[in-house]
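J.: Following this message is one structure expressed as structure tokens.
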Amino acid sequence: MSLDVNASEVLRIIKEKIKDFDQQIFSEEIGEVISVKDGVVIACGLENAEFNEKVVFPNGEIGLIQSIEYDHVGIVILTNTQDIKEGDTVRRTKEALRIPVGKKLLGRVIDPLGNPLDGAGQIFADAYSPIEVKAPGILDRQSVKEPLQTGIKVIDLLIPIGRGQRELIIGDRQTGKTTIALDSIINQRDINKNLPDEKKLYCVYVAIGQKCSTVARIMKTLQEQGAMDYTTIVLAGASDSAQSQFLAPYAGCSIGEYFRDNGMHCLIVYDDLSKHAVAYRQMSLLLRRPPGREAYPGDVFYIHSRLLERAAKMSDKHGAGSLTALPIIETQAGDVSAYIPTNVISITDGQIFLETELFNKGVKPAVNVGLSVSRVGSAAQIKAIKQVARSIKLELAQYREMEAFAQFGADLDETTQALLEKGKKLTELLKQNQHETLPVEEQVVLMFAANEGYFDNIDVTGISTAAKNLLGSFRLYHRDLLEDIKEKSIIGDLASLSSALQGCKTTNA
């Protein structure tokens, strides 16, 4: 029996059969865990792995590739390491580590992976951003030109900070470094009050290797001061792994960059980068990288430079947003010439140097005006401050120098005695209690009064009270002059200000 085969019919049947065939082919690169030790996994088989790539283990644990050798890769574990064992598979994701960013994170405390730590529920973020982002290029930036008011007299008047600047806060332990950073955050409360959302300054506080009790106290302070509404805290505590502490500042920076890249403004505090360098050293030694000076790896400068270069004032073409960084470095016995301090000093745009000796004398904030500098902030300083604070830094530096000679008990001429007396009064005038920030217009009035000789006949011990009384009188009777300075950023009517000052002098005498 013959069978007629119609070729076209067969072709039609085959076409119909494969028409709805939609089998997709997935390619995966899977490696095998060779060893697990101290939060570091050595794996083989990931031949095309990339540096800083996210990898996933069977139970959902996340790792980050931090070392690529000829026949294996080094992976740091970012989650629980207990469930990972020798022989487990590890899978490439071909993507970078991403974290949630946006306004939904304001008022929250999170870990470096974006998980909430405050018990206030899940975070539904506006967007996700990679932790590692390339810093803006030269053409994407513009020079710093807007002031960032900290509310701290000695900083706003003598060591001004501009939006988009990197200003280092450096000093020994217990000298008030964190207090300066917190006061800078708290001062934005009143500034933000009457501004639209896109003009407000948002804040990110990154706690690296801090005790959880310390961070809880910081959070409570910010809540009491009404500052948590515009602040996010990123916490990698002292009990967290070295890799978590290493990632924390990069995660915080990505959160800050969301505001910067959307035409808004953000202030980020890294507290502190000394502990960050120690965490990176620990991680690098576990990855068998060769140690260098003080056992830090050779690229320890790069980990801080690539982080701090992400702070910038963006060009008008890119929205004119800004990210201002206040990194903190803890020194040992005032040694600013150590490895990490000199690295960060060379990266930043200036430093605020805090001294134990001044702190112990009761000068708070304990800022050494002679050693502190702001390399770009003066361009952002408002004209009113330039009018009153031009000579103060020099006078204070001369006072510190003369004070050393005066201790020898030598007979001093009248000019030197006058310089010492004025220096003491200026130092007293610049003292400030923590969390008692001053608006810029009131700082201008105080310095104008000092220049006009308002405090000349007042004893050093009475300077603080006299300054409070003066500001109280201005708030009560001369609010219009304060508002004029605030709005115009310049002392427009010198005669009226001098007249008001004389009136206060008579009233408070």
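Any Cβ shown, glycine's included, is placed from N, Cα and C.
From Swiss-Prot, for reference:
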BINDING   GLY171, ASP172, ARG173, GLN174, THR175, GLY176, LYS177, THR178  ATP binding site
SITE      SER372  site 'Required for activity'
J.: For GLY171 (ATP binding site), what is the secondary structure state per DSSP, taken as helix, strand or coil?
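T.: In three-state terms, GLY171 (ATP binding site) counts as strand.
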J.: Taking the mean position of the Cβ atoms of GLY171, ASP172, ARG173, GLN174, THR175, GLY176, LYS177, THR178 as the ATP site, which residues outside that list, in the same chain, have a Cβ no more than 8 Å away, listed in sequence order?
T.: GLU330, LEU354, THR356, PHE359, ALA366
J.: Relative to the Cβ position of THR178 (ATP binding site), how many further Cβ atoms are located within 10 Å?
T.: 20
J.: Which ones in the same chain are close to ARG173 (ATP binding site), with CB under 8 Å and 6+ residues apart in sequence?
T.: GLU330
J.: Tell me the Cβ neighbour count for LYS177 (ATP binding site), meaning other Cβ atoms within 10 Å of its Cβ, over all protein chains shown.
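T.: There are 26 of them.
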J.: For GLY176 (ATP binding site), what is the tally of other C-beta atoms lying within 10 angstroms of its C-beta?
T.: 19
J.: When the Cα of SER372 (site 'Required for activity') is compared with the Cα of each of the binding-site residues GLY171, GLN174, GLY176, which one is closest?
T.: GLY171
J.: Using a 10 Å radius around its CB, how many other CB atoms surround ASP172 (ATP binding site)?
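T.: A count of 18.
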J.: On a simple 10 Å Cβ count over all chains shown, which one of the recorded positions GLN174, SER372 is most densely packed?
T.: SER372
J.: Please give me the CB contact count at 10 A for THR175 (ATP binding site), counting all chains in the structure.
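T.: Here the count is 26.
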J.: Near GLY171 (ATP binding site), which residues of its chain come within a Cβ-Cβ distance under 8 Å, counting only those 6 or more away in sequence?
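T.: In sequence order, LYS177, GLU330, THR331, GLY334, PHE353, LEU354, GLU355, THR356, ALA366 meet the Cβ cut-off.
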J.: Going by DSSP, is THR178 (ATP binding site) part of a helix, a strand, or coil?
T.: helix
